[in-house]
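What TrEMBL lists as substrate binding site is 120. Residues annotated as domain 'Pseudouridine synthase I TruA alpha/beta' in TrEMBL: 158-260. Under the heading region 'Disordered', TrEMBL lists 1-43.
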């Protein structure tokens with residue numbers, strides 16, 4: 001899950017090699033005594049330090065913290081800070097999983113609990129916004145300025161605090177945890193990849209529930225294409241159950257994990273660095289261009305996940321609603337609370 005305190009193994013299949021290069025606490029043993037009675041000389045132990053790692057990975061073919069790609073995942077753990085530690089870790093990892101940065105943090109820091117907000121991006125072919133009456137699902141489509149403005153007007157409606165119980169299968173309409181705060185959501189200017197036009201939707205929120213982002217995108221697509229009225233957006237925040245389509249998971253990427261309160265308290269104390277990763281921005285951008293975006297583009301071309309999903313939109317009934325009964329049996333176990341805060345997973 002995104003932002004969890006890391007276990008010693010970064011990937012299950014690389015666990016031994018990583019441990020061989022990174023002197024993990026859990027693998028250490030007391031110094032052995034020689035049979036002759038003389039103590040073997042004990043090496044000086046380095047102090048263990050609490051750190052955070054900035055990680056990036058392509059989500060395809062990888063199952064770990066979450067089922068999506070990440071360009072700015074952050075995990076916290078204690079290690080011995082050996083020389084050239086980042087290069088030694090990366091030398092044992094496949095190219096589509098990289099450690100991009102490391103920072104010292106306070107001893108009690110937990111990357112999941114100290115997170116203030118997360119930013120995700122969702123990359124999709126722009127033909128997803130073509131109106132159903134003149135649907136084009138290939139290289140010919142280009143997003144118009146008017147349609148982009150309509151998309152951004154609808155996305156901006158998500159800003160603020162709303163009841164998102166209809167955007168996940170885990171929450172009832174009267175559960176307090178179904179209310180989530182969205183700081184911003186917008187679609188950037190489109191761009192071309194291999195002759196196909198794409199756009200990136202960015203959303204920053206305090207936390208997200210499972211499938212929430214994909215359903216937020218899915219509903220806006222349905223409205224822009226003309227399958228659903230704009231009124232369904234506001235109606236989805238009420239207690240009635242609304243049928244909301246879930247966009248494909250392919251384009252979802254964890255962009256950044258925010259620690260603004262931590263930075264205010266410790267970022268300028270002279271001992272710790274702020275967790276803003278400004279110096280690593282170039283590495284993050286390069287990783288996206290080399291591993292994440294090409295995977296999304298090639299998979300979309302080969303599997304046509306967006307086009308296939310768009311063909312299912314007519315079966316949704318956006319006018320029908322069912323008043324959900326608020327009963328104890330409708331409440332999900334507490335172990336599922338906030339699971340989407342760690343990634344929009346399947």
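Start at 1 and count along the chain as shown; that gives each residue its number.
Glycine residues also receive a Cβ, built from the backbone N, Cα and C atoms like all the rest.
Residues in the domain 'Pseudouridine synthase I TruA alpha/beta' (158-260) partition by DSSP class (helix H, G, I; strand E, B; coil) as 26 helix, 36 strand, 41 coil.
Using a 10 Å Cβ-Cβ cutoff, residue 120 (substrate binding site) registers 26 neighbours.
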